Amino acid sequence: MKKYIFNHVFFFLMLCGSNYLYSQDPWKLSADKPDSNNYYGETVANGMIGIISSPEPLKVKEVVLAGTYDIYKRGRVSSFIPNYNLLNMKLAFNGESVQTYNINNYKQELDMRNGAFTGSFQFKDLATVTYSYYALRHLPHCIMMVVNINTQKDTEINVENLLETPSSLNNQQNYFQNITNTHVNIPLLTSVAFTPTGRSKIAVSNTFLFDEGKKLQPEILHRMNDADMHAMSFDKKIKAGKTYSFALIGSLISSDHINDPYNEAERLTIYAALEGKSRLLNRHMQEWNSLWQSDIQVEGDPQAQQDIRSMLYHLYSFTRKSTSLSPSPMGLSGLGYNGHVFWDTEIWMFPPMLLLHPEIAKSMIEYRYQRLDAARKKAAIYGYDGAMFPWESADSGAEETPVNALTGAFEHHVTGDVAIAAWQYYLVTGDKEWLKEKGWPILKATAEFWASRVEKNDKGEYEIKNVVAADEWAENIDNNAYTNGTAIRNLQYASKCATVLGVIAPKEWTLIADKILISKMSNGVTREHDSYTDQNIKQADANLLAYPLKLITDKEQIERDLKYYQTKIPQSDTPAMTQAIFSLLYSRLEDSDQAYHWFKDAYQPNLNPPFRVISECKGGTNPYFSTGAGGVLQAVIMGFGGLDIDAAGGIKQVKSVLPKNWKKLTITGIGIEKKTFVLTH
């Protein structure tokens, strides 16, 4: 296999010259005649606001706001809150409302390159309507929908934007005003409410944006339905053969983001309105163009190209730089997993983002750093030293796992996962100042935890007892392979960090790491835990010692473990990450057929129509599973691409193999130097 590395920034845009197969357009996912009975929404997001599509025209199913949690109908722990729908629009022609049943030629399309969701339809013989909405990438709390109406006959339209306070919010107040001066008139439809316990205030504000000047724009009417609902609307007569365009702009923000969300929501809406549609779209597209400087291009497998780009799109959509936000397993695609942060971030989503966009990965690890004190408190109340990160984390950093799940008290490997991510960030970026200020406190505190967590046995070995494994079907077991492996790496990396910074680390860290128990069964296979015999497992565990931990490097051992545990994964009710690890390891073993088989098995059985969104399990109906996307992207980048985080710092390329039907794999914008890697047969 030939491998080429370019040190300059290289960006290649693969264009599809024909739309003969929508399913294989490298940048667009399309749905003709969306069927509400077989429809799983697509998400448009900017790392702060997520908008989930609806099969109904001019509607969205749900809006998700990152960073705001409260207790609501999901046990006694916090969760994302059902929020205001900013894009709740009604359109009528000559008094007849647009509905799914009275339109023709209905199509929806996600433009991944530009972060835009578009719907189009014909309303009887009167007009063709196209609408596109955006979670504006440069304005994290703002969205926009642009509507274009092309008339075939004279018609009069009525457009209404409805703000309804969801039942999850309390003590709502509704406001309407016109901001008027000599050159503009900006109508503001605003609602303010509190989360269920009153912990946070949420504010939303909408306005219409017209191409006409102040004197020609339609009159805006305000209507109060009841205490929970109000709307603004306008009428407009349009001549046959004309195109009429308008936009709806909205802002959504909470007291978790800023002290005064009510005023700031209105300020942001006014700002966006006066920026104007063209400037907003230009800035939005510039931001997406910048994101796509880091891309994956596949030649020879059009469907794989589209699917991989969809995975990139979703991870880019669910994250953003210069924040302390970190994605949940479902990203911003809904309320799944309560919006909590798990190990899914550090082990599955963080590595591809670290290589593609270190500045975004920095936000993910910043999330953990800001909650380090909470992790110290958890360690203390469980009788340990240092810092013990929660299995499920939200805004405070306290444990948020429902009490009926044993993972909250016993799945301790997440602490090592956080430390590993911190060290990887330093290796890729070489940011020594960050390492001193934030990386070292994380690595030191987590190493102190493991030093107090291990138990020395009669043989002088160190054991870690009574945990829930990465294979979560194994509860309250001793010496879980992956948990012990993360402890080893955590202690080793903390010692290395101390050396880099010229700090003296406790000698016991290295001594303990060298003697933590990793055992084998009589057949030579790495044993998942002390009481493991031959049970089925929920997900990869012992195999993770080969990657990402790289504690097992012998190829025969890696293959032995693969061939054993790949037979222990049931075909249903197991999460999508496992097969991605199998694919990655087979790529590095240069077994092309097995690598490609597990690559496809990692996500294709999990796809849902019409946009091929990924669910957590095979046949599942809970997309979008961004954890699975992160795993598959690692199979492509670190597996087929052979990219690897060098223990000495930076990114290197190890021996790997492409699928036989892939002619070429190009990975652009890697690391802080934005390198390009090209692989061919």
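Heads up, residue numbers simply count up from 1 along the chain you see.
Cβ coordinates come from backbone N, Cα and C, glycine included.
Some features that Swiss-Prot has for this protein:
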type	residues	note
ACT_SITE	E472	active site, proton donor
ACT_SITE	E616	active site, proton acceptor
BINDING	R74, W391, E392, T407, E472, K538	beta-D-glucose 1 binding site
BINDING	W343, D344, K538, Q539	beta-D-glucose 2 binding site
BINDING	W473, K538, D573	beta-D-glucose 3 binding site
SIGNAL	1-23	signal peptide
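Shown on the structure are the features that Swiss-Prot records.
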residue : record                        : DSSP class
R74     : beta-D-glucose 1 binding site : strand
D344    : beta-D-glucose 2 binding site : helix
W391    : beta-D-glucose 1 binding site : coil
T407    : beta-D-glucose 1 binding site : helix
E472    : active site, proton donor     : coil
K538    : beta-D-glucose 1 binding site : coil
D573    : beta-D-glucose 3 binding site : coil
E616    : active site, proton acceptor  : coil
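The Cβ centroid of W473, K538, D573 marks the beta-D-glucose 3 site; residues of that chain outside this set whose Cβ lies within 8 Å of it are D471, E472, N536, I537, Q539, P570, T574, given in sequence order.
Largest CA to CA distance in the beta-D-glucose 2 binding set (W343, D344, K538, Q539): 15 Å, whole number.
Spread of the beta-D-glucose 3 binding residues is 11 Å (greatest Cα-Cα distance among W473, K538, D573).
For the recorded positions D344, E392, E472, D573, E616, the greatest number of Cβ atoms within 10 Å around a candidate Cβ is found at D344.
Cβ-based crowding with a 10 Å cutoff singles out W343 as the top-ranked of the binding-site residues W343, W473. Distance noted between the C-alpha atoms of Q539 (beta-D-glucose 2 binding site) and E472 (active site, proton donor) is 8 Å. Recorded residues W391 (beta-D-glucose 1 binding site) and W343 (beta-D-glucose 2 binding site) have their alpha carbons 7 Å apart, per Cα-Cα distance. Between the farthest pair of Cα atoms in the beta-D-glucose 1 binding residues (R74, W391, E392, T407, E472, K538), the distance is 24 Å. Neighbours of E392 (beta-D-glucose 1 binding site) among the recorded positions E472, W473, D573, E616, defined as a Cα within 10 Å of its Cα, are absent: none qualifies. Using a 10 angstroms CA-CA radius around T407 (beta-D-glucose 1 binding site), none of the recorded positions in W343, D344, D573, E616 qualify. Residue pair D344 (beta-D-glucose 2 binding site) / D573 (beta-D-glucose 3 binding site) shows a Cα separation of 17 Å. Considering only the recorded positions R74, W343, E616, the residue whose Cα is spatially closest to the Cα of D573 (beta-D-glucose 3 binding site) is E616. Within 10 Å of W473 (beta-D-glucose 3 binding site), counting C-alpha to C-alpha distances, fall the following of the recorded positions R74, W343, K538, E616: K538. Spatially close to R74 (beta-D-glucose 1 binding site) yet at least six residues away along the chain are N338, P402, judged by Cβ distances under 8 angstroms. The Cβ centroid of W343, D344, K538, Q539 marks the beta-D-glucose 2 site; residues of that chain outside this set whose Cβ lies within 8 Å of it are F342, I347, W348, A470, E472, P575, M577, T627, given in sequence order.
Checking Cα-Cα distances from K538 (beta-D-glucose 1 binding site) against the recorded positions (W343, E472, E616) with a 10 Å cut-off leaves E472, in sequence order.
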